[in-house]
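Novice: Here's a structure for you.
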């Protein structure tokens, strides 16, 4: 095996490991939110936990952020959120090999939140919310992940070195033209 082919093979394995690692982060975050939602649905009905800056109070949202599209048919909201979630997953998959780890982690965070809300909504047509401030609509961990990850992506987009495809290529991420395009040397 020649050196360029070996470097390409190693880069492919490294890219796959990175992609899988970021997907695992997204799945763990989604699982955490879904676990809390299950707990909230069993413990909080008629028994909110109040007294701090953040109360635990059960609410259901048939719409998306701020109950937008709450009157739309549930299948429409599920379909649109599924398309958006898939787009985030594709963005994560495509940019993982060349983006900074912080950029990939931010995308994984957004994907984890989007995936959790999609799974929750697909089950019964609404999202379970449980975090309440008294001055803001009730929300959940998934919402926090989506907003936090999105804000981090915006902040990172101002930093050239963190954007996908802007980092200098090294031996692990370099793609030699012939093997990557499937051409024969």
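In case you wondered, yes, glycine gets a Cβ from its N, Cα and C as well.
No curator has checked TrEMBL annotations; they are predicted automatically.
Annotation source TrEMBL lists transmembrane segment at 20-40, 72-93, 100-119, 139-158. Positions annotated as active site by TrEMBL: 129, 143. For 163-185, the entry in TrEMBL reads region 'Disordered'.
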Novice: Could you pull out which residues elsewhere in the chain have a CB under 8 Å from any CB of the transmembrane segment (72-93), counting only those six or more residues past its ends?
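Specialist: Non-local partners: 19, 22-23, 26, 62-64, 104, 107-108, 110-111, 114-115, 117-118, 121-122, 125-126.
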Novice: Cα-Cα, whole number of Å: residue 143 (active site) versus residue 129 (active site)?
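Specialist: That separation, Cα to Cα, works out to 9 Å.
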Novice: Would you mind pulling the DSSP three-state label for residue 143 (active site)?
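Specialist: DSSP call for residue 143 (active site): helix.
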Novice: Check the DSSP secondary structure of residue 129 (active site), expressed as helix, strand or coil.
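Specialist: Where residue 129 (active site) sits, the three-state DSSP reduction gives strand.
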